[in-house]
Amino acid sequence: MGKPTGFLEYKRETAKVEAPKDRIKHFNEFRTPLKKEEQQKQGARCMECGVPFCQAGTMIAGMASGCPLHNLVPELNDLVYHGNWEQAYTRLTKTHCFPEFTCRVCPALCEAACTCNLDSQPVSTKENERAIIETAYANGWVTPRIPKVRTGKKVAVVGSGPSGLATAMQLNRRGHQVTVFERKDRIGGLLRYGIPNMKLDKSVIDRRIKLMEEEGVVFKTGVDVGKDITAKELQKDFDRIVLCCGASNPRDIKVPGREANNIFFAVDYLSSITKSLLDSNFKDKNFVSAKGKHVVVIGGGDTGNDCVGTAIRLGAKSVTQLEMMPKAPDERTEMNPWPEWPRICKTDYGQEEAIAVFGHDPRIYQTTVTEFIKDDKGNVQKAKLVKLEPKKDEKTGRMNMVPVEGSETIIEAQLVLIAAGFLGSQKYVTDAFKVDLTPRTNVATKPDQYETSVPGVFTAGDMHRGQSLVVWAIREGRKAAEAVDASLMGYSNL
Ligand SMILES: Cc1cc2nc3c(=O)[nH]c(=O)nc-3n(C[C@H](O)[C@H](O)[C@H](O)COP(=O)(O)OP(=O)(O)OC[C@H]3O[C@@H](n4cnc5c(N)ncnc54)[C@H](O)[C@@H]3O)c2cc1C
Ligand code: SF4
Ligand code: SF4
């Protein structure tokens with residue numbers, strides 16, 4: 001333990017965040033990390049607990065607690081405190097493929113599980129992670145790791161999100177020849193075309209892809225597997241296939257008027273904006289505009305929050321975010337003790353921006369849409385809402401949210417964004433490979449395994465786990481790579 005009294009001497013300090021009214025003028029990242037010496041003090045706050053829940057990555061009460069990658073958090077924090085940046089970087093790469101992504105977008109399961117929560121504030125492990133990886137890049141320590149020996153085995157990875165990238169990195173470093181197929185025009189999956197640029201600057205992905213290309217991974221964009229190339233062709237050309245296609249089936253809102261113009265799924269909306277930003281800095285105007293519109297976002301989660309922040313940057317007149325469920329408590333309840341994941345109300349960057357610009361939280365709880373009203377040109381103009389209340393289903397005993405009679409209201413809605421979650425894998429890919437599915441249409445495997453019902457075809461990420469997080473996708477990619485390697489070589493040292 002670096003500094004036994006560190007957690008008593010130093011308060012938690014985190015990056016400087018640009019004021020909401022300033023940051024909405026651009027699409028850049030808006031956090032300025034602490035200076036190195038200040039970050040080192042944050043490392044000193046870690047108590048190197050005997051039982052470090054921060055790195056446990058276990059399920060407690062149905063939710064993950066601690067880092068799913070089992071990052072060596074106490075050791076990393078200690079190395080940060082002592083300024084041993086190079087060793088910290090080496091240690092971090094033992095468990096992690098892409099710290100530069102998680103240090104920007106991870107909800108920091110490590111921090112939620114940190115023992116310091118009990119009496120104070122958690123160690124800033126996520127920002128320590130950022131300091132380690134960015135120091136490593138700045139000092140030229142992140143170099144291509146080209147395998148010395150090639151095995152002659154060929155692996156196809158379908159999908160270039162974080163799970164596909166982690167699979168590809170690991171298998172290539174082991175000496176297998178890896179080709180990643182991506183149907184979009186750019187690599188990255190939802191890192192690229194879901195998560196907005198202000199949360200993850202897309203140059204951070206490009207920097208990593210360049211290194212992976214130098215290591216020998218081949219990337220093929222604009223290839224839709226199951227359409228442009230058949231499963232049979234892929235199975236003939238490659239020894240193993242790993243399906244990492246995400247959970248890209250959005251949940252729809254099936255109410256009268258749904259066919260009106262200007263109602264989009266959140267990811268289609270967000271990706272149109274990032275693509276236009278990357279292609280032409282918005283000069284091509286090839287994106288869904290929110291300018292001067294009353295925007296309604298359906299879904300109170302993180303994707304909905306990204307839609308709120310994006311619509312505000314694009315000049316929305318107002319933004320309303322609808323959430324079916326009641327507001328979560330502001331603090332942990334007795335039923336949700338540490339180190340469980342805290343089920344509390346989080347006000348994220350988009351909501352903060354809405355509060356700064358419009359003077360109130362954009363979220364309306366226990367509310368849903370019952371109808372979209374359009375004008376004579378077919379454009380959505382208004383949304384009919386109804387309040388919901390929890391009611392127990394007598395047959396199943398389950399709590400359902402049911403409409404409150406007489407509670408209907410109508411609000412302006414000239415752009416509607418549906419961020420109501422995802423429903424598993426896409427049928428044309430799973431049909432093409434004839435893999436078995438779970439009842440939730442995720443690709444089925446035995447528990448904690450990655451090979452599908454079709455020998456030689458593996459799966460990882462959201463396509464396997466269901467809609468989740470970047471950190472889980474990376475873990476799945478690493479685990480799937482290990483399974484593929486073992487199936488090719490008879491053992492794996494990954
Ligand atoms: C708007 C939004 C914001 C999010 N924000 C966060 C966040 O802040 N933090 C966080 O941890 N998580 C976040 N998530 C979740 C996170 O992005 C996902 O859990 C993660 O990206 C899943 O990784 P994946 O590799 O399994 O799939 P994906 O990232 O979905 O990548 C799948 C890739 O496969 C490609 N593909 C699919 N089918 C084919 C095919 N037939 N042929 C070729 N290519 C194909 C797709 O085009 C896509 O590029 C967010 C999700 C969304 C939608
Ligand atoms: S990957 Fe996420 S949970 Fe793991 S240490 Fe980093 S920020 Fe924490
Ligand atoms: S739980 Fe917190 S204080 Fe304990 S080792 Fe982990 S980061 Fe350090």
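Glycine too: its Cβ is placed from the backbone N, Cα and C atoms.
In TrEMBL, annotation is done automatically, which means it is predicted and not curated.
Annotation source TrEMBL lists domain 'Dihydroprymidine dehydrogenase' at 23-140. Feature annotation from TrEMBL assigns domain 'FAD/NAD(P)-binding' to 153-328, 367-477.
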Checked against DSSP, the composition of the domain 'FAD/NAD(P)-binding' (367-477) is 19 helix, 42 strand, 50 coil
DSSP helix, strand and coil counts for the domain 'Dihydroprymidine dehydrogenase' (23-140)?
62 helix, 8 strand, 48 coil
Mean pLDDT, the domain 'FAD/NAD(P)-binding' (367-477)?
96
